Amino acid sequence: MQHLVDTNDFNDSQLIQIMNDAKAFKTKMPSKILEDKLLITLFFESSTRTRSSFEVAAKRLGASVVHLDPSKSSTNKGESLEDTFENLAAMEPDGVIIRHEFNNTPKKLANKALTPIINAGAGNNAHPTQALLDCFTMMEHFGVDKPEELKGKKLAIVGDIVSSRVASSGIRLFTRLGLDVILVAPKPFMPNNDLPQYEDLNDVIEKVDVIMSLRAQLERHKAPIFEDYNEYANKYCINKERMGNREILLLHPGPVMRNIDISDEMLEDKRSKVLEQVKNGVFVRMAILKLILDN
Ligand code: ASP
């Protein structure tokens, strides 16, 4: 049974297939190849882009989608997550798309092998579909056909890296593909790993091809880390002054905290591909659903 707990669930040829299919779907909408399939979405944390993107992707391929709102489900009556999941699986869906605050929830459910699990974001540990759509957006930008051709590109991840599942999945995928990943953050936002780490973006901006800006994940901070995010923005906000005329691709998974993560002006700039990422997310998720469900 194929799951997507993190991108290492896909081998290299599956990664290539996803990128090829996403590209083909973006050029020409496919027929409804998942017409007889049904997915259940189970989001225990808020979502704007990911949940709607999965639903649009499923419907573009003809699949049906049932949403369970956990705040109105029996988890409120004390039912465990495992029991809720087993009851949903008993209805024989073709897959469950789950977002949860705990890092290991998708893996735990996948291990039951009752139905394919697609991780739509777990704690600060993994958000594989975001990493895959970011990979697609970079490939499109650099005009390459295979993920491995991104090898050697320099990507700076800037912001609240330690709390970010986007960064966690991204770092695993992009280092696997051979990108040079550089981390830029103030100390409280820096994870503990052996990638190159900088506190000041100015020290690396000359050599980077891509900047991925990240939101401060206030909901994951046990106590407020900065009293004043304008002070943080003075050093880390991606604005025109900082970018200059450099040809750098600017990414952000959303939601963007305007003028803290990225300035209004840079969001309008053609180097910013934030909405293109959202658009690509649908095609990449279509390709993922095809790979997992159309067997
Ligand atoms: N949307 C992304 C996530 O779910 C990033 C964010 O929330 O800042 O992790």
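Every residue, even glycine, has its Cβ placed from backbone N, Cα and C.
All TrEMBL annotations are machine predictions without curation.
Look at TrEMBL and you will find 2-140 tagged as domain 'Aspartate/ornithine carbamoyltransferase carbamoyl-P binding'.
Around the Cβ of Q130 (carbamoyl phosphate binding site), the number of neighbouring Cβ atoms within 10 Å comes to 27. Per TrEMBL, carbamoyl phosphate binding site is recorded for R49, T50, R99, H127, Q130, G254, P255.
Summarising the annotation, TrEMBL assigns L-aspartate binding site to K77, R165, R215. DSSP gives R215 (L-aspartate binding site) a coil state; it is part of no helix or strand. All chains included, 19 other C-beta atoms sit within 10 angstroms of the C-beta of R215 (L-aspartate binding site).
The feature domain 'Aspartate/ornithine carbamoyltransferase Asp/Orn-binding' is assigned by TrEMBL to 151-291. For the domain 'Aspartate/ornithine carbamoyltransferase Asp/Orn-binding' (151-291), the DSSP-based tally of helix, strand and coil residues reads 59 helix, 23 strand, 59 coil.
Around G254 (carbamoyl phosphate binding site), taking its Cβ as the centre, 17 other Cβ atoms fall within 10 Å, counting all chains. Neighbouring residues of the recorded carbamoyl phosphate site, listed in sequence order and excluding R49, T50, R99, H127, Q130, G254, P255, comprise S47, T48, A120, G121, V166, P253 (Cβ within 8 Å of the Cβ centroid). For P255 (carbamoyl phosphate binding site), the nearest neighbour among the listed binding-site residues (K77, R165, R215), judged by C-alpha distance, is R215.
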